[in-house]
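Here is the structure we will look at, set down as structure tokens.
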Amino acid sequence: MSTPPVFKIAPTAQNLQRRPKSLDLCLRNPRLTPSYGWELIRNLPSRVLASNTILSEHLAAHPELIGKPVADRFDASGGNLPFLFKVLAIEKALSIQTHPDKATAEILFAQQPDIYKDANHKPEMALALTPFSALCGFLPLPTIAIYIRTTAELTALIPPAIVTDFLAIAGSSNPTGPAEKAALKNLFAAVMTADEALVKSQLDLLVARYKAGGAKVEGESQDVVDLVLRLDSQFPGDIGIFCSFLLNYVHLKPGQAIFLGAGEPHAYISGDIMECMANSDNVIRAGLTPKLRDIPNLVSGLTYEAAPPSKHVVFPTSFRSSECSTLYDPPIPEFSVVQVLVDAGEKETHPTVAGPSIAIATEGAGSVSWTGASTMLSVSQGDVFFIGADTEISFSSVSGLTVYRAFVEAN
């Protein structure tokens, strides 16, 4: 039996320390909770809205919707797409974490399948819907060195020999060399494995100093002071708070995006985002979380590439011949994301994409039409829909329609 190439799907909802009121589309759509994703993961299947069929089963029964090139390259014959696509509305900071590369994921899955539930990697991109802040990647070594010299509460956690070695190499002209990476790894491991009582006592001193007002020392930015106090209010006594001095603290405006590859430490702090990632559930956590912390695997699995936050920025480009669409194309094959902004009364057409797409309307209302269709699909804020491979599609706006479209191609 044939099936239309475009249809609405019912996403799976989760609530994981997310903001209760910030995301309007969640409030206006009774199907959605404050945090939700539509994702083909093993324990949280999405469904075809019209039939209530599990989406992966529907795609397996209609392989033309995925397309043979994508199915062959990404082993999607069972109806599982190579990417996950989510909306996150974050109020409370998410954990200090990383995601393993494929080789490490295979080992962790074989050794601890109850914790690491698949053998895939999980590179991800965050695209800001509102002002968004995050910790991402290690600060340049000279910046970390400033904090080591000026923030006594941080230095107290680290053995003097490790401090001496790090400061000696922090000014190197080759920040990604093996010696520099080794020094950063030793420093980070020392901080993350510091004695819990020592961590608590030093955090108490640090927070008291900051709360005293104007008590920051030279080299400590107000941005970091505010972050430390914010994280302490959410996770008092947590070692992850000291990552404020080790990782880049970035602030994105709506429409800006960052990419995080395997082995890069990060934590989302606040804001609403579209998040797209490779199809995996693997997360290695080490702080700012009540969940399992796996510090040994996190320490051993990081790349220790220290760089400014610009390293992680995804710069948007135009999407093919479209006039109202912007492409965010991270350096991995599993996914790309297109932002579609169509003014009221206007129309935007996308040429065929040689792979499947998941799309979400985040603002406004309108309709979607496609080649060969006798009807249109009405969409409005909060609607999620699937677009099959090789489908030319048009978005018509009634009231300022905004759509985010995640897709994959085999080339």
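Including glycine, each Cβ sits where the backbone N, Cα and C put it.
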Candidate from HIS58, HIS251, HIS266 that TrEMBL assigns to the same Zn(2+) site as GLN97, HIS99, GLU124: HIS266
Take the domain 'Phosphomannose isomerase type I helical insertion' (178-247) and average the pLDDT across it for me. 93
Nonlocal neighbours by CB distance (under 8 Å) for HIS266 (Zn(2+) binding site), same chain, sequence gap 6 or more: ILE96, GLN97, THR98, ALA134, LEU135, CYS136, GLY137, LEU247, LEU260
Cα-Cα, whole number of Å: HIS99 (Zn(2+) binding site) versus ARG285 (active site)? 9
Excluding GLN97, HIS99, GLU124, HIS266, which residues of the same chain place their Cβ within 8 Å of the centroid of the Cβ atoms of the recorded Zn(2+) site? THR98, LYS122, LEU260, GLU264, PRO265, VAL283
Among all protein chains shown, how many Cβ atoms are found within 10 Å of the Cβ of GLN97 (Zn(2+) binding site), not counting that one? 25
